Amino acid sequence: MWLLYLLVPALFCRAGGSIPIPQKLFGEVTSPLFPKPYPNSFETTTVITVPTGYRVKLVFQHFDLEPSEGCFYDYVKISADKKNLGRFCGQLGSPLGNPPGKKEFMSQGNKMLLTFHTDFSNEENGTIMFYKGFLAYYQAVDLDECASQSESGEKDLQPQCQHLCHNYVGGYFCSCRPGYELQEDRHSCQPECSSELYTEASGYISSLEYPRSYPPDLRCNYSIRVERGLTLHLKFLEPFEIDDHQQVHCPYDQLQIYANGKNIGEFCGKQRPPDFDTSSNAVDLLFFTDESGDSRGWKLRYTTEIIKCPQPKTLDEFTVIQNLQPQYQFRDYFIATCKLGYQLIEGNQVLHSFTAVCQDDGTWHRAMPRCKIKDCGQPRNLPNGAFRYTTTMGVNTYKARIQYYCHEPYYKMQTRAGSKESEQGLYTCTAQGIWKNEQKGEKIPRCLPVCGKPVNPVEQRQRIIGGQKAKMGNFPWQVFTNIHGRGGGALLGDRWILTAAHTLYPKEHEAQSNASLDVFLGHTNVEELMKLANHPIRRVSIHPDYRQDESHNFEGDIALLELENSVTLGPNLLPICLPDNETFYDLGLMGYVSGFGVMEEKIAHDLRFVRLPVANRKDCETWLRGKNRLDVFSQNMFCAGHPSLKQDACQGDSGGVFAVRDPNTDRWIATGIVSWGIGCSKGYGFYTKVLNYVDWIKKEMEEED
């Protein structure tokens, strides 16, 4: 209840009749002239009214009236709801009268009547007495219309809610139990259960009036809708009773249950349905009744459980499910990986990772992948080499092994210090799907040309005047050039030509462009060489000390030609080695000079060679002075041959090398380059000392390596 206490101005009463008070929530009522004595021979009735939905509460703050037996002379009479609430007079503590004291007077309705009556005089034992009268406060108090009917007998005070009554300050409203609908009169209820919706995670549902008889002619639809990912469980309680027939199944009344739109049962009779795990978050219960019957109906409790997904199962023995759980439910997930050396495959697509999530319908959002062994693919081809499988031929999957090797004896695998060639060339297909070597990683090895090891080396133990025709494979490094006439050179590695600078830039001639450089390799016959085609030149490098304009100075007479493409080495095409010490220039050491130059004043068609000793430097200097020549003979040159040998390099042999066999390694070394001389077979020949230019040669070759 809500009580409102406030004061308002005093109300003065007049003799005779009734005085209505304007409808307010609170106020006061006084006797005339209060607190002065009230007049004689006075009667009036004050009507106190509060808004509908409230009751009137009245309390006297001050009360001083003439006392009398039975309050016959002066009195205040209070009535409400057609009932007399009392007749009062006197004062608190007087021997006569009936003062109200602090008693609270309460109406059942929104009206209260207060009648004030005085007689013709106020005397006591011949003495005139003065009485102040009364002061009373009233207030509106909320009326609980939903409480039981008062004893006043006023039927309009009792709400006629058929089902449920709800009180509020100043009024009330009616509502109906689930399955019923409030009618237009706002008091009565009629069955209406065609669209009952339940969304809580658990609860109870029953037929109307359960466990009393349900109403006739029902068409009820109870829908349970919970969050996706939950599954509903139904458990029917006792008693279960729906009209039935002994011979026909549920002809009168029936309860139908649907889950996911599918009918999972139709029930009647007295046998309680079994418990249902619907595997659905949506269930509908349809209850139909005919016009008769007195069965008690049904009631169920529904609960929810998070939906579960089936236990994930791998498709092969190589798939691994991380942290496998005993069960998986909605929103759980699992991660699948592969054992070492295998990779995830979904359809035809390679996956880097795999995660599957349990969906709200109890299925995984993607199918289990399979694990396929890693395939490293076909091993890369090794230039100037090949590979062989040390495991199953043609199988390139995880743990497969191959051995790279070079085409010997023409190439040899580059190895690190302290490592073996077999270790350098052994590659394994790793778990990452990459061919890998323990030392070199993914990088494949290199096959380096083997220098100075001809398959068919020259054998010459005697001097032959005018030289000798070379056989195939005697001088496989020999190069035939045709620039400013015939010239020679030697193969270094598989794409460099060592030659004399003056074959490219002859003394007192103009420079020649790369386009006119003709280079041939791989045969001892000129005509056959021409058939093998020219090797294009990518770059020409002339030593900076070479001076084309100084005709008697062949200082720095050395050059390098870089081929556009590497050549493939073989028995007739092999490089020569570079010197690494001065012993290759010891006096009398025999060397070989080969070329396609002039022989007996005729152009040679075949490769020929001569065998010459390294000459004494002083003898060569003396011989030059005897010829009255001003030619420069520097420390970067050496001489070979002897005036008595009648053998020498000649025109067309320039650029070829002076080749010496190293007895310690059995390798052939290019110690010199045919540079200059005086005539052919008429004395000493002069050669560029290659040892003094090895650093320059290596630097030039490394720039493009």
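Glycine too: its Cβ is placed from the backbone N, Cα and C atoms.
As written in Swiss-Prot, here are the features:
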| type | residues | note |
| --- | --- | --- |
| SIGNAL | 1-17 | signal peptide |
| DOMAIN | 18-141 | domain 'CUB 1' |
| BINDING | Glu66, Asp74, Asp119 | Ca(2+) 1 binding site |
| CARBOHYD | Asn125 | N-linked glycosylation site |
| DOMAIN | 142-190 | domain 'EGF-like' |
| BINDING | Asp142, Leu143, Glu145, Asn167, Tyr168, Gly171 | Ca(2+) 2 binding site |
| MOD_RES | Asn167 | (3R)-3-hydroxyasparagine |
| DOMAIN | 193-305 | domain 'CUB 2' |
| MOD_RES | Ser206 | phosphoserine |
| CARBOHYD | Asn221 | N-linked glycosylation site |
| BINDING | Asp243, Asp253, Asp290, Asp294 | Ca(2+) 3 binding site |
| DOMAIN | 307-373 | domain 'Sushi 1' |
| DOMAIN | 374-449 | domain 'Sushi 2' |
| DOMAIN | 464-702 | domain 'Peptidase S1' |
| ACT_SITE | His502 | active site, charge relay system |
| CARBOHYD | Asn514 | N-linked glycosylation site |
| ACT_SITE | Asp557 | active site, charge relay system |
| CARBOHYD | Asn581 | N-linked glycosylation site |
| ACT_SITE | Ser654 | active site, charge relay system |
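Listed recorded positions: Asn167, Ser206, Asn581, Ser654; maximum Cβ neighbour count within 10 Å falls on Ser654.
Using the Cβ center of Asp243, Asp253, Asp290, Asp294 for Ca(2+) 3, the list of other same-chain residues with Cβ within 8 Å runs, in sequence order, Tyr214, Pro216, Ile242, Tyr252, Thr289, Ser292, Gly293, Ser295. Per-residue pLDDT, averaged across the domain 'Sushi 1' (307-373), gives 93. Remark: secondary structure over the domain 'Sushi 1' (307-373) totals 0 helix, 31 strand, 36 coil, with classes taken from DSSP.
Long-range Cβ proximity for Asp119 (Ca(2+) 1 binding site), meaning a same-chain Cβ under 8 A and a gap of 6 or more residues, is found for Asn40, Ser41, Glu66, Tyr73, Asp74. Highest Cβ contact count with the domain 'Sushi 2' (374-449) among the listed stretches 18-141, 193-305, 464-702 falls to 464-702 (criterion: pairs under 8 Å).
It is 18 Å from the Cα atom of Asp290 (Ca(2+) 3 binding site) to that of Ser206 (phosphoserine). For the recorded Ca(2+) 1 site, residues Glu66, Asp74, Asp119 set the reference point as the centre of their Cβ atoms, and the other residues of that chain within 8 Å of it by Cβ are Asn40, Leu65, Ser68, Tyr73, Tyr75, Cys89, His117, Thr118, Ser121, Asn122, Tyr131. Asp557 (active site, charge relay system) sits 6 Å from His502 (active site, charge relay system), taking the Cα positions as reference. Taking a C-beta cut-off of under 8 angstroms and a sequence separation of 6 or more, Gly171 (Ca(2+) 2 binding site) has the following same-chain neighbours: Thr52, Gly53, Glu145.
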